[in-house]
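Input: a single structure, listed below in C-alpha cells.
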Amino acid sequence: MESYLEENFGGVKAKNSSEEALRRWRKLCGVVKNPKRRFRFTANLDKRGEAQAIKHANHEKLRVAVLVSKAALQFIQGLSLRSEYVVPEEVKAAGFQICADELGSIVEGHDSKKLITHGGVTGIADKLATSPADGLSTAEESIKRRQDVYGLNKFTESEVRSFWVFVWEALQDTTLIILAVCAFVSLVVGIAMEGWPKGAHDGLGIVASILLVVFVTATSDYRQSLQFKDLDKEKKKIQVQVTRNGFRQRLSIYDLLPGDVVHLAIGDQVPADGLFISGFSLLINESSLTGESEPVVVNEDNPFLLSGTKVQDGSCKMLITTVGMRTQWGKLMATLSEGGDDETPLQVKLNGVATIIGKIGLFFAVITFIVLSQGLISKKYHEGLLLSWSGDDALEMLEHFAIAVTIVVVAVPEGLPLAVTLSLAFAMKKMMNDKALVRHLAACETMGSATTICSDKTGTLTTNHMTVVKACICGNIKEVNNPKNASDLCSELPETVVKTLLESIFNNTGGEVVIDQDGKYQILGTPTETALLEFALSLGGNFKAKRDETKIVKMEPFNSTKKRMCVVLKLPGGGCRAHCKGASEIVLAACDKFMDETGAVVPLDKTTADKLNGIIESFANEALRTLCLGYREMEEGFSVEEQIPLQGYTCIGIVGIKDPVRPGVRESVATCRSAGIMVRMVTGDNINTAKAIARECGILTEDGLAIEGPEFREKSLDELLKLIPKIQVMARSSPLDKHTLVKHLRTTFNEVVAVTGDGTNDAPALHEADIGLAMGIAGTEVAKESADVIILDDNFSTIVTVAKWGRSVYVNIQKFVQFQLTVNVVALLVNFSSACFTGNAPLTAVQLLWVNMIMDTLGALALATEPPNDDLMKREPVGRTGKFITNVMWRNILGQSFYQFIVMWYLQTQGKSMFGLDGPDAEVVLNTIIFNSFVFCQVFNEISSREMEKINVLRGILKNYVFLGVLTSTVVFQFIMVQFLGEFANTIPLTRLQWIASVLLGLIGMPISAIIKLLPVGSS
C-alpha cells in the first residue's frame, strides 16, 4: 500500500508543490462521500489564479504609469503649475484639503505631475493636516474624523461562516442523502402498513441517526474553522514604528491612517500606500504585488511606495496616503484570503488510503446487497410468492439497501484526512500558547520528521539583551560593564578620540535615542545598535547634539552579506568624513592607520595589526561579539552617486558585546540529541565567539567541526560531501552559505531540515528548508513571510517544543488510522460474512451510523488531540523515507481485527446457546448483544490505541479530559440507545448478565492487544 500511495499520492510536497500535482491527487480520490467537506481546507487553485492575474495587471499598470509620468514630467519641467483640483465639501468640513480618491490616483498611478501640482510631499502633508517631522495628532476627535474621511487600514476578509453552513455541508454527504431517501420510503411504507407510530420507528431511527451524525460533524468542523480564523488573525499582526505627536512609538498596521509618518528599515513590509519623505539607499522589492523581481529605487525623484511591497535595502521615513481596500494590496489580499492552504502530504496520502478502502467497501457493499436480496428472492421463490410482494417485503428490501449504503458509510474512512486537520488545528492552537505561530499546516506535520536544525546564534541560542562589557580604544583595554568604568575610560582618553568615537556611534547607526512622553531616554533599534548607543550615552554623549553637528550625505545600512555599515558625514567646518563599523576582522582589514594613546593618527603596521587581531581573538574566546569602528577623512565634493570607500580607514577601537546564552538552551540541545535531531549553529559572528557559545550550549562536541563561511565556499563538491555531516558550527557565514548547507543536507543527505532565520537575506534558506522558522521579535517581515513557523519568543527551547508537537501530531494520526482501519475491517467482515452465510446482517443501518460516528468524529477527537509526552523525544525521527502505516500498525490492526471478528462470529453462530436465548425475541436480543459487544470492543480498542508499542496504555489518561469526555459520552449514549431507544435502533433492553458479557468481551481486547504488542515485527 505504501508504494502505491507514494507513486500516486506522493507528488504533493510539504512546500512548493506544483499546481499539476495539487490538481492530480484530487482526481485520484475515487470514492468521496462529501467532496465539500473532504476538500474544505484545501487550496482554492482558481482563487490563486485570480491573484496571479491581479499581480500581472498591477505590473502592467505600474509600467504604463511610470512611462506616462516620465513623459508628462518632460513637458512640465520649469513650468509654474496651478492645481485645478476641487476639494469635496465633506473633506473640507473635516479639516482636510485632499480626498482619498485623489491620493490614491497619485500614488497608485505614480503620477508625478499631480504630486507637483499639490506641492510635492510637503504639500500633501499640509493638505492631510499632518507634519513630516512630528506626525499626526493623536486627539481622539481628530483620529475619528480622519477615519471617517479616509477609512481604516483593513482588508475585506471572507466572512466567518455560521454554524448552519457547516450543518448544510455535512448534509451533502452522498451516502447520508441516500439513507435519508431510504428513511423517507421506510416511513411512508411503514406507516401505510402498520400505522402511526409503530410503522415509523425504523424510518425515524435512521433520520435521528443522520441528524446526530450531521450535528456532531458540523460542531467539530465549526470549532476547527474558528481556530483557523483565530490563527489567521495572529499571522496578520504586524507592528511598525510610527511618529505621532512628535514621539516614536510602535503601532499595529491596522491602526495606521493617512497622514501617519512611518519609519521603515531592511526587511519591513510597506504597511500602506504612501510617499517617501527622507531616507538612504532605499531599494523596494515589488514582487509580492507585481511579480517583478527586480528591485525599484525609491527616492525624492520616485517617491511612490506601495502597500505590501518589501524594503530590500536601506531605510526611510514615509508619509501614509492611502489605506485598506483603496490600495492594490488590499484587493489582492481579499482574493488570496480565499486561496486556502495546500493540503499536507499526510492528508493527501490518507485521502489515498480512504480511496483504496472506499473502493473495497463499495465492492463488499454491492456483494452484501446482492446476497441479502438473493436470500429474500430465493425465500419468495420457494414459497411460490415471487410475483406477490407485500409492504413488509418492500421494507426488508429497503433495509438491505440501507445496510449496503451504511457499509459504504463505515467502509469509506473519510475521517482519516479530516483527522489530520483536526489534529493540526488542535496542535496549532496549543502551540500558540507555547509561543509558536504555525503559518502553514504542513510545517506542523513535517517538524515531527525533522532530523537537523540549523539555528542562528544571536537571539535564538542567546538572550539578545546585549551590552558593551569591554572596549579597546587607542590600545587601552578597559572593562566597561558599568557607568563608573565607562566614565573612567572617558576621562583617560584624549578629547579628540572621545569626540570621534561618539560621532561614529551616534551617526553610523540604524538606531535612535528619543525622549518618550515621560521625559526619559528611550533607545530604538536592534539589540546591537542599542548596546552601542547605551555605551556612547554612558561616555557622556548627547545623541541629538551630535546628530545636529553634522549632516548625513549617504548611508549604507548593515546587511549580513557586507557585514558592515558605513555613513558619509558633511562636517560643520567643511569637508566630509566616512565612518565604518562592522565585523572586526573585515573593518580592521580596511584600516591602514590607527589612533594611538595620545589620540594621534599613526600608520597601522603589522605588529600593531597582529596585536589588535589578538585582542579580537581574546574577546571572542570570552564569547563576546566584537565590532570594530573606523573613520576616513574625505574631500568635500563627495556625491550620493559615489560608492563609499572600502579601504583607507583609521581604526578608532574595538568593542566586545556580551550576549548571554538563554537559560535552558543546553538542556534543549541535549533533548534534540536524544531525539536523533542534530543541531548546527550557523552564525555571522567570529569563529572563536561562535565556538565558545556552541560549547556552552552543548552543540560543539569533541568530534564536531567548526568552519568559517569563506573556507566553506572554497571547498570542492567532493570535499563538502565529506565535511557536511561533521559540521556543527559555521561562523562568518553569508546567507548564501546557509542556503548551500541546507540544500546539500536536504538533497544529498536526505535530511529533513529545519532552519531559523531573522533577516531579509535568510529568506532563500527559509524557503529552501523543509521547515522555515522565523523569529517573531528580531525577525523582519520578509523572513516571517518566507517562514512556515514563527517563533514568537525567539527562543531555541520553543523550537524543540515545535518538534515535540510535530511528532505528537504524526503519532496521534497514526494511532487514529490504526483504530479506524480496525473498525473498518471488522464492520465490513461481520456484515459481509453474516450476509453471505446466514442471510441477514446483525448490524443495522442505524447501528452502523452510530459506529461510524464513534469511529470518525469522536474517535478523531479522542485520539488526534492527545497532548505530547516526553517519551516522544526519546525515539529516532521518522525522517524523509519513513513509512506512515508501519509494520507495527499492521500487526496491531490485523491482530485486533482477528480477535474482534472471532468474537462477533462466535456470537453470531453460538450466541443463542451461550446466553440461553429462545422465543420470538431471541434474534433481536442476540443482534443487540452483538452490537453492544462490537461497540465495547471499539471503546477498549480506543484505549489500547493510545500506545502503539507500549503495554501501559493508561498513563496520563486522567489528564486527557477530551479523551475521557469522548469515552464517557460514548458509553452513556450506548446505554441509552440499547435500553431506551430500542424502537428506533432495532435493539432490545439487555439483562445485567448480558451487559457484563458485552463489556467483558470488549475488555478482553485490551490484554489481547498487549500480547499482540509483544510479537516482534521486521522493518520491511
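Cβ coordinates are placed from backbone N, Cα and C, and glycine is handled just like the others.
Swiss-Prot assigns the feature transmembrane segment to residues 924-944, out of the candidate ranges 819-839, 924-944. Sequence-remote contacts of a segment are chain residues at least 6 beyond its ends whose Cβ falls under 8 Å from one of its Cβ atoms, and for the topological domain 'Cytoplasmic' (220-263) they are 37, 40-41, 100, 103, 125, 128-138, 143, 146-147, 150, 152-154, 160-161, 163, 166, 169-170, 269, 271-272, 274, 277, 315-323, 337, 421-422, 425-426, 428-429, 432, 437-439, 512, 514, 516-517, 522, 524, 781, 790, 857, 860-861. When the alpha carbons of Asp456 (active site, 4-aspartylphosphate intermediate) and Asp762 (Mg(2+) binding site) are compared, the span between them is 10 angstrom.
Contact between the transmembrane segment (888-907) and the transmembrane segment (995-1015) is present: at least three CB pairs lie under 8 Å, with pairs separated by 6 or more positions in sequence. For the topological domain 'Cytoplasmic' (864-887), the model's pLDDT averages out at 83. Sequence-distant contacts (6 or more apart, same chain, Cβ under 8 Å) of Asp758 (Mg(2+) binding site) comprise Asp456, Gly459, Ala774, Met775, Ala778, Gly779, Thr780, Ala783, Asp794. For the transmembrane segment (924-944), the partner stretch with the most Cβ pairs below 8 Å, chosen from 176-196, 352-372, 962-982, is 962-982. Broken down by DSSP into helix, strand and coil, the topological domain 'Cytoplasmic' (945-961) contains 4 helix, 0 strand, 13 coil. The recorded positions Asp456, Asp762 differ in how many other CB atoms lie within 10 Å of their CB, and the one with the most is Asp762.
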